[in-house]
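Contents: one structure, followed by commentary.
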Amino acid sequence: MTRKLFVGGNWKMNGSYSHINTFFDTLQKADTDPNADIVIGVPACYLKYAQDKAPKGIKIAAENCYKVGSGAFTGEISTEMIKDCGCEWVILGHSERRHIFGESNELIGEKVKHALDSGLNVIPCIGELLSEREAGKTNDVCFAQMDAIAKNVPSKEAWDKVVIAYEPVWAIGTGKTATPAQAQEVHKVVRDWIRKHVDAGIADKVRILYGGSVTASNAKDLGTQPDVDGFLVGGASLKPDFITIINARR
């Protein structure tokens, strides 16, 4: 089954008003694949500005949200605030949230449920550390993360609002990249897990992105893999290289 290409950007704690202006002006003028879904995650303080500046067809995502709608949670952002900025997407469970800020599978699952219940589309992230890969635990780690996500998707219909991102933690910001074959291997076992534990039809439809040091030079080879449906791009999503990645299937 051919699934529509999805290219996600994740600016992390980067960007500025001037960068948004320059970047989106470049993107506006570029010849990009009209058949690709493009969603760019930006810091919370720039959500509204980026949403207003984004070229037509490009969606803006928050990089995180909390599991409840409001309250005494200093520094957090709610789903309603994200929607108030005009945004429809949120990235959840990124490896930096898991390993720097200590977010558990349980908490990420709760965030997924709340975001979906609030009407947002979600990009939940999964992936293993280098030590876990070397210990042969890649599948176990990813399956545990998927279980926490899947049991918090409230209905089969809600899966239409879910795009999974596989990010091998050992390949993020390190310059190391999983080979196309390594990426395909994990994407396939994750899809097979969804087929077994959720639904065969959902497994065929849900898009699974690769998110480990994607660059203009490796995107095309990664994108040829049958179970790699796009990318979640970090550093390269801040640069003109992002245009080449968007055009990976051309």
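Glycine too: its Cβ is placed from the backbone N, Cα and C atoms.
According to Swiss-Prot, the features are:
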- Asn10, Lys12: substrate binding site (BINDING)
- His94: active site, electrophile (ACT_SITE)
- Glu167: active site, proton acceptor (ACT_SITE)
What is the interatomic distance between the Cα atoms of Lys12 (substrate binding site) and His94 (active site, electrophile), given in whole Å? 10
Between Glu167 (active site, proton acceptor) and Asn10 (substrate binding site): CA-CA distance (Å): 12
Between the residue listed as 'active site, proton acceptor' and His94 (active site, electrophile), how far is it from one CA atom to the other, in Å? 8
Where Asn10 (substrate binding site) sits in the secondary structure, as DSSP reduces it to three classes: strand
Including all protein chains shown, what's the count of other C-beta atoms within 10 A of the C-beta of Lys12 (substrate binding site)? 18
